[in-house]
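Asker: Pasting a structure here, questions to come.
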Amino acid sequence: MILFITLPLLNVIISGLLSRYIGVNNIKRLNIINLFIILILLIYYYINIIKTDNEYTLKIIEWINIEYLNINYSFNLDLLSITMLIPIILISLIVNIFAWEYMKDDSHNPRFYTYLALFTLFMIILVLGDNYLILFLGWEYIGIASFLLIGFWYNNIDNIKSSLNALFINKIGDIFFIIALIYLIYIYKSLNYSLIFSLVSYINIDINNIIILCLVIAASAKSAQFGLHNWLIWAMAGPTPVSVLLHAATLVIAGIYLLMRSSPILENCPNILLFNLWLGAITSLISGLIAINSNDIKRIIALSTMSQLGIMFISIGLSSYNLTLYHVLCHSLYKALLFICAGTIIHSLNNELQDIRFMGGLLIYMPITYICMLIGSLSLMGLPSLTGYYSKDIIIESSIGIFTISGLIIYWLVVLSSLLTNIYILKLIYYSFINIPQLNKYIYNSLSLNNTYSLPFNFKFNFDKSWMAIICMIILSIGSLFIGYLLQDIYLGQGNSINGLFIYPNNLNLIETHFAINIYYKWIPIFNIFISILLIIYLYEFNYKLLYIYNNPLFYNFYILFNTRFLFDQILNNYIIRYTLYLSKSLNSLLDKGFLYTLGPNGLNYLLNLLSFNIIKFNTHLFNHYLIYISFSLLLFIYLQFDL
């Protein structure tokens, strides 16, 4: 188990300090080999934990021991943490393979691989930590690593702005996380999971509400929920491997993991569960409305991530943490697949174009990418028998299974969100691969020269040139096809308990979802898929003029509202970030460079000079003055010595 920490740490040290001596390619090989070793060990532990229902604990040192507060630097491996680790390590491995070719022409590869290794290391620490302090340590460092990765190409001002945006919004969540830690220390006198969770039912519900609300806000910032979601959209400024790493299965699920790990506290706070339910539904719907009016290929996929994160919040609000964990695992596979396909397209177009309206006709030149993109998209849509169907549809159905008015409204909101998801992901495929070619003819000539291979008898065929990307896409495509079916009994099977999760028996609604709800509610998400396919074919092939409805003043205003992302960027930049930066500058000038500087360095320097100048005045070179000084000193010594 110690290898889960030491091997990524070795990657960080060697990539950061020794790359100039052993070469960049050797750094890449070492990172891939170490991650592959960790993945093999994880699969071994995963099978063992499923068979025996064991947990593994590793205590390294005693970290803090102050009066009643005792915190160890220790790690715990249970079914919750290992299920989170598998997509983290798998996607990190895929990203390292994909980046080998994608970033081969970049002159700062050692720095890039150092950041990747740093991010992976602290994601592992976050998930394996045995207390909230270690979780917070990993939480902070993945925020720093994501800031460095998003702003990796720092010569572009947009990248710097995007990385700062991500940093500022995540710091809002970090502040609330710190408040929650202070409350936990004050109320529970500990930060250890086992002690807190054993006492939670004896603590006043209002106090628990405050603690878990702070944790929910922290999770909302990290997992891009409505109101704190802006950074996710702008994080696309980084290299595509960074987008895969951050938005598929790592950074954005840190908040989801925090809430799943805190499930014993959440279960004692029904009002916060209801808040999570509505927050997830609104996030899912808002992301769909924004994405359907977006045309950037990476931004559309990022918004689909935001939508799926909203669905995960819904499942948390339903107390269906096993469904949340299952969806995290399944979603990471097809979302990473979509991002890698998008990166392959952008890379093939010489990194010059991300607007899908100016693509088209790529099916002929990139058939493997098209097939893999189609698999990932259909899995995202929830086509029966694919991975996304098994994890996504059961969450949508579970909102009906609680048999409340809120559940019914949430169900229809998520159904509408799913319809929007289906439409914009099909729109992406149509514009990129099927539409009439819109690119410059020289780009198509370049694609034809690079992607055409000859066979005997003058037979030629087109094939994707990027072999590294093809390997990654095939691996993820297999996962997107079969993992959902293969693992459903582990997470959805009756009687299976997941170590690390706690659900009140009254909140178990999976049986009602399976057997009590009307069959029509189960079929509606599937009908959504066929409705969206027919709608896309009708609009883009037979009645394109219908899209001119945007020229209508009413619809145009809605289009502007959705296209400007509900003006959240303007509100955030003009009224929050700008005034926050102004306040920090004022406080820096008033306190740090003003009051404290005057009392500190300047004040101390002035006081010492004044004191030394006055002491010099006693040096009169007169014997009687020296005799008085000696006599006074002797009397003072006698007084202090004998306590007169």
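Just so it is clear, glycine is given a Cβ too, placed from its N, Cα and C backbone atoms.
The following feature annotations were taken from Swiss-Prot:
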TRANSMEM  4-23  transmembrane segment
TRANSMEM  78-100  transmembrane segment
TRANSMEM  112-129  transmembrane segment
TRANSMEM  133-155  transmembrane segment
TRANSMEM  167-189  transmembrane segment
TRANSMEM  199-221  transmembrane segment
TRANSMEM  234-256  transmembrane segment
TRANSMEM  271-293  transmembrane segment
TRANSMEM  300-322  transmembrane segment
TRANSMEM  517-539  transmembrane segment
TRANSMEM  546-568  transmembrane segment
TRANSMEM  623-642  transmembrane segment
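In terms of burial and nearby residues, how do these features look in this structure?
Answerer: Residues 30-31, 34-35, 37-38, 41-42, 75, 85, 109-110, 113-114, 117-118, 120-121, 124-125, 128 of the same chain lie 6 or more positions beyond the ends of the transmembrane segment (4-23) yet place their CB under 8 Å from a CB of it.
Counting residues 6+ beyond its ends, the transmembrane segment (133-155) has Cβ neighbours under 8 Å at 63-64, 71, 73-75, 108, 111-112, 115-116, 118-119, 122-127, 162-164, 166-167, 170-171, 174, 177-178, 181, 191, 218, 222, 235, 237-239, 242, 245-246, 250-251, 254, 258, 261 in the same chain.
Through the fold, the transmembrane segment (199-221) approaches residues 139, 169-170, 172-174, 176-177, 179-180, 183-184, 187-188, 227-228, 254-256, 258-259, 262, 264-266, 268-269, 271-272, 275-276, 279 of its own chain, all at least 6 residues removed from its boundaries and within a Cβ separation under 8 Å.
Packing against the transmembrane segment (234-256) from elsewhere in the chain are residues 84, 87-88, 90-92, 94-95, 98-99, 102-103, 112, 116, 119-120, 123, 126, 138-139, 142, 146, 149-153, 156, 158-159, 161-163, 165-166, 173, 218-225, 296, 298-299, 301-302, 305, 309, 312-313, 316, 324, 328, 331-333, 335-336, 339-340, 342-343, 346-347: each is 6 or more residues past its ends and has a CB under 8 Å from a CB in it.
Long-range neighbours of the transmembrane segment (271-293) within the same chain, counting only residues 6 or more positions beyond its ends whose Cβ lies under 8 Å from a Cβ of the stretch, are 209, 212-213, 216, 220, 224-226, 229, 233, 259, 299-300, 303-304, 306-319, 399, 406-407, 409-410, 413-414, 416-417, 419-421, 423-424, 427, 559, 562-563, 565-566.
A Cβ distance under 8 Å defines the sequence-distant neighbours of the transmembrane segment (546-568), meaning residues of its chain 6+ beyond its ends; these are 227, 229-230, 233, 286, 289-290, 292-294, 539.
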Asker: Considering only Cβ pairs within less than 8 angstroms, which of the stretches 112-129, 300-322, 517-539, 623-642 has the most against the transmembrane segment (78-100)?
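Answerer: Top-ranked stretch among 112-129, 300-322, 517-539, 623-642: 112-129.
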